[in-house]
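Asks: Have a look at this one before I ask anything.
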Amino acid sequence: MTSPTRPPAVLYDIRYSRFTGQLRPRVYAVLALARSSALGALGVRRSTGAKIWPFLLVVVAYAPAVVAVGIPLLVPDNDEFTEPLDFVSYYELLALIATPLLAYVATTIPSLLTRDRRDRVLTLYFSTALSAWEYVLGKVIAALLLILLVTLGPLLVLLIGGALVSDSPIDYVGDHAADLPKVVLAGVLLALFHAGWGLAIGSLTPRRVFAVGGYLGVMLVASTLGGAVASISNSDAFLAFVLPIVPIDMTASFLDTPEGNVTAPQGLLWAVWLVVVLGAAAVLWRRYRGGRES
Amino acid sequence: MTMFGLALRALLFRGRTLAIAFLPLAIGIVAVIIRLAADPVDFDSAYATLGGNLLIGVVLSLVSLVIGVNAFDDEREGGTLPLLMSTSTPRWRIVGAKLAAAWITTVLVSLPAVVGIGVLGTGEELDTGKVWSSLLAATLLTAAAYTALFVLLSLVSGRGLFIGLAYVVIWEISLAGPVTALRNLSVAAYGRRVLGAPWAEDLVPFNIADVGVVVGGVVLAVAAAALGLLAVRRLPRIDAAAG
C-alpha cells in the first residue's frame, strides 16, 4: 500500500554526457591538490583534535617574532631594544624555531604521501587529470607552503613588524629593504631541505608512525653524533652533519650572526644541503616514476 | 602460535622495523670507530653523549614510540582489532603479549647501539662489568617504561603518536632534560641514573634524576608495571570498531 503523501517516482536521465563546465589547464589540478593537501595537513576541515598539534606548533614558531615586535611597543623608552632586530636577529630567530620546526615537519610533511599510500588511492589519482609527476609536484608545493608558513612567516613578521613599530616606518623600510630577499632565501633554503627529506621518508612507507620516527630519528641522531664527533675531533667540519642546523647555518653567509658563532665551512654545508635535496628528489623519482603504487 | 608469538612476528619481522634498526646500527658503528680512533681522554665525554644523551634520551624514546604506538595501531588500521577483541583470550593476556613483544622489539632494534656504546664505555677507566651491567639494565628498564607508556597512549587516544611525540620532543628532550627541577619527572633521567652507576653520584657526566641507582631502577620498573596495568584496564573500554 502506498502512502498518499509520498512524492511520485521520478526517472533521472543519467546517461553519459560531456562535461559542460569550464575546462581549465592541468596546472589547476596540481594547485588544487597542493591546496587540499596543505589544508588537510593543518587539520582544516577535519576534527578539532586534528588541528591542535599543527596549529600549536605554528603558534610556537611565531611566538619569538611576535614577542620581539611587541617589546619596543611595550617598553618604548628602552635604549637597548629600539627595534625588534635588537632583541632577536633573523639568524637567532631561525635557531629558536629549529626544534618546533622539526616536530612540525615530522607530523605534517611525511603524511602528505603516507596517507594516500595507506588508503591505496594513488591509482585513483593517476586515473584523473593528474600524472605521477604532477601528483608529486602538487605534494612538493604543499610541503613548501606548509614549511614556509613557519620559516618565512616569522621572518616576515620580524621584518614587517619592525617597520610598523618604528618611529619612522619609511626610513626603516629604506634601511632594511635589502633584508627582504635575504629572509626569503633563508626561508626557501629551510623549506626545500625539510620538504625534501620529509617527503622522501614519507614516500618509503604507508605507515605515518614509521615515517615520523624515521624523519625525527635521522635528524636527532645525526645532530648528536655530529656534535659529539666535532667535539672529539676538534673539527668544525663535522658540524655539517648536525642536519637540523645545516640550512640555518647556511644563512650565516648572508645574514648577521651572533659574535663567536661557530658553523661548519659554508662549502660543506651547501654540499650536504645539495646531497639531501637531490637525494630526496632521486627517492621521489624512484618511487613515483612508474605512476603506480609500489 | 601463541598471542605473544603473533605479536612479536607482527612487530619484529617486518621490513620497516628492520629499517629503523639502521639508526642504532649507525650509532654503534660510530661508537666503535671513536673507541678505535679517538684519544682515550675523549672516551668519557663520548660515552656520556652517546650513552646518556643519545641512547637513553633519543634512540630508546623514539624507537619505543614507533614500536609501542604501532603495537595496537597495526590491528586498528588492518581492521583486525574487533576480531582480536571478540576472542575469548583475556584482555590482560592480549595487552601483556603486545607489551612484551613491543618491549623485546625495542630492545633488539636498539641493540647495535647498546653494543657499540658498551664497547666505547669499556675504553674508559671504569669497571668493565659495571659499564655493561648498567648499560643493559638502563636499556631494558628505560625501554620497558617507554614502551608501556606509548602502548597505553595508543589505547587512550587515536592520536597516541602525536601525544607521544609531544611528550618526547617537548618534555623529555626540551624541558625535563635541561631543567633540574623537572628531572625527577622524566623517564630518561631515571634511565640515565641507572646508566650512571659506574660513576660516583656527583661525578656522573650527564643529567640524572635525584635518586640512587637502585631507586632509579625501581622507579622505572614500577612505572612500566603501572602503565601496563592501566593499559590492561583501558583495552576493554576502547572502541574497537573505530578507525
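Glycine too: its Cβ is placed from the backbone N, Cα and C atoms.
Quick paste of what TrEMBL says about this protein:
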TRANSMEM  A:52-75  transmembrane segment
DOMAIN    A:83-282  domain 'ABC-2 type transporter transmembrane'
TRANSMEM  A:87-109  transmembrane segment
TRANSMEM  A:143-165  transmembrane segment
TRANSMEM  A:177-197  transmembrane segment
TRANSMEM  A:209-230  transmembrane segment
TRANSMEM  A:267-285  transmembrane segment
Asks: Which range wins on Cβ pairs under 8 Å with the transmembrane segment (A:87-109): A:52-75, A:143-165, A:177-197, A:209-230, A:267-285?
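Replies: Top-ranked stretch among A:52-75, A:143-165, A:177-197, A:209-230, A:267-285: A:52-75.
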Asks: Go through the chain and flag residues at least 6 beyond the ends of the transmembrane segment (A:52-75) whose CB is under 8 A from any CB in it; none is fine as an answer.
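Replies: Residues 41-43, 81-85, 87-88, 93, 96-97, 100-101, 103-104, 107-108, 149-151, 153-155, 157-158, 161-162, 164-165.
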Asks: Could you pull out which residues elsewhere in the chain have a CB under 8 Å from any CB of the transmembrane segment (A:177-197), counting only those six or more residues past its ends?
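Replies: Long-range Cβ neighbours of the transmembrane segment (A:177-197): 90, 94, 101, 105, 109, 140, 143-144, 146-148, 151-153, 155-156, 158-159, 215, 218-219, 243, 246-248, 250-251, 254-255, 273, 276-277, 279-281.
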